[in-house]
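For reference, the structure is listed below as structure tokens.
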Amino acid sequence: MAHIQVPEDVPGIRSLVMFRPETGKPLYDLAQVLLRGESPLTQAERELIAAYVSNRNETMFCMMSHAAASRHLYGNDKNIVDDVLKDLQHSQVSDKLKALLNIAGKVQILGKEVTEEDIADARKQGANDREIHDTVLIAAAFSMYNRYVDGLASFTPTDEKEYEAMGKRMAENGYVLPNNQK
Amino acid sequence: MPHINVDENLPGIRALMAFSPETATPMGELANALLRTNEVLSMAERELIAAHVSYLNDCFYCQQSHGAIAVCYLDGNNDLVEQVKRDYVNADIPDKLKALLAIAGSVQKGGKYVTPEQIEVARKLGATDKEIHDTVLIAAAFCMFNRYVDGLAANTPTDLASYPLRAKQIAEKGYGNHIFSSKQPVPENA
């Protein structure tokens, strides 16, 4: 049960933003810009960074939903997502994305964990300033969303099918405040 | 030196916001919604939570900045702010705020560290759902802001006299993209 009285049976962050739409709006706007706005990283890659950080934070709700969104966006290459979540180093992602995910993993621990070497390695694989910026901010933002969802013990569905539908909706419609949706 | 090429005349998060105004806009709106209201928790209490979490995350820029903003709201009581950052348990603040700071400290470690007992203690001291919600989200949000600033190694001014000047700007006008697009305050003797 959630620590505060939020709408029942509404999963994860959706129940929290319905409780407090004043903060819900900028939280959803930030997710929309970060994960759907302009970036040299594809939407599938950005969702994968979100799922990777959420997995490290052991936040089931965010991990399952963003992994599902990433799989949907990767289409035929959807196996990449589970490969990365299982074992980043031996996964089939590009060396550049591997280097960026390494940075995201450092940010998940704490900002200062990111070293000059981590950045140099990403640059060597072709990452530019914008890609490094977006990676760090996605990882930082999910260090927030994960804590918000778990810190208030919001409802986490256990049925994988439910996440598949959620991921499809997130991939196709983006991040829209729940009370704006029919 | 920052990990990416940002305006070197802008300190801390301001340079990152100027690099990426599209993401800066919702981040500024989030900061205003969380920190610029006296609804259930005062602006001073909200900034104290932000400064304490930034202290725990060892983010010098954020703890100095939000500490200085709290000082603006607390009639210059810098000693109290320093005490809350480092050792709130022994600070001269209400027990309810101490219970909320304990929750914030758990959120800083990870969302799952918040226990039903901590929530119970806060409730017994009069905390409402909205106060608990806002405390958790302020703490979570600073786990983002702190990581953004340090993860990109943003410029951190070492001149402590510059922080109250920027704090005054926030206390007067709030957060938002004006903090990087308008002229930066400079000490008079600089």
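Quick reminder: no glycine exception, Cβ is built from N, Cα and C everywhere.
According to TrEMBL, the feature domain 'Carboxymuconolactone decarboxylase-like' maps to B:21-70, B:90-154.
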Structural state census, the domain 'Carboxymuconolactone decarboxylase-like' (B:90-154) (DSSP three-state): 51 helix, 0 strand, 14 coil
DSSP residue counts for the domain 'Carboxymuconolactone decarboxylase-like' (B:21-70), split into helix, strand and coil: 40 helix, 0 strand, 10 coil
